[in-house]
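K.L.:
Please read through the structure below; I'll follow up with questions.
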């Protein structure tokens, strides 16, 4: 299990430029991640996803996020997310812990 405070730092440094976790917040370049856990890929209402994201058909949970965050373009070829991924396992665990706490619907 990751560290929520460290995960917040990872989010601010590497994710917040394109994403928010604010409940009811507007989408940025990337979708609002509020309510992420339990949602299928490409399903945040009001965000324009690629066909690759819409058709992937997985449900976001701890394990799917762990794999995705390591290398987004490998996990969902055709995604428009330009982020290369988090190579450090500890950073992925921390970020997931933060998202689990803050992005819960």
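Cβ atoms are placed via backbone N, Cα and C, with glycine included.
From Swiss-Prot, for reference:
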MOD_RES   2  N-acetylglycine
BINDING   15, 18, 19, 81  heme c binding site
K.L.:
Given the binding-site residues 15, 18, 81, which one's Cβ is surrounded by the fewest other Cβ atoms within 10 Å?
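P.N.:
Counting other Cβ atoms within 10 Å of each of the binding-site residues 15, 18, 81, the minimum falls on 18.
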K.L.:
Nearest of the binding-site residues to the residue listed as 'N-acetylglycine' by CA-CA distance, picking from 18, 19, 81?
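P.N.:
Looking at Cα distances from the residue listed as 'N-acetylglycine', the smallest one goes to 19.
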K.L.:
Beyond 15, 18, 19, 81, what residues of that chain have CB atoms within 8 A of the centre of the heme c site's CB atoms?
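P.N.:
Apart from 15, 18, 19, 81, the close residues are 16, 17, 28, 29, 30, 33, 83.
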K.L.:
Using a 10 Å radius around each Cβ and all protein chains in view, which of these recorded positions has the most neighbours: 2, 19?
P.N.:
19
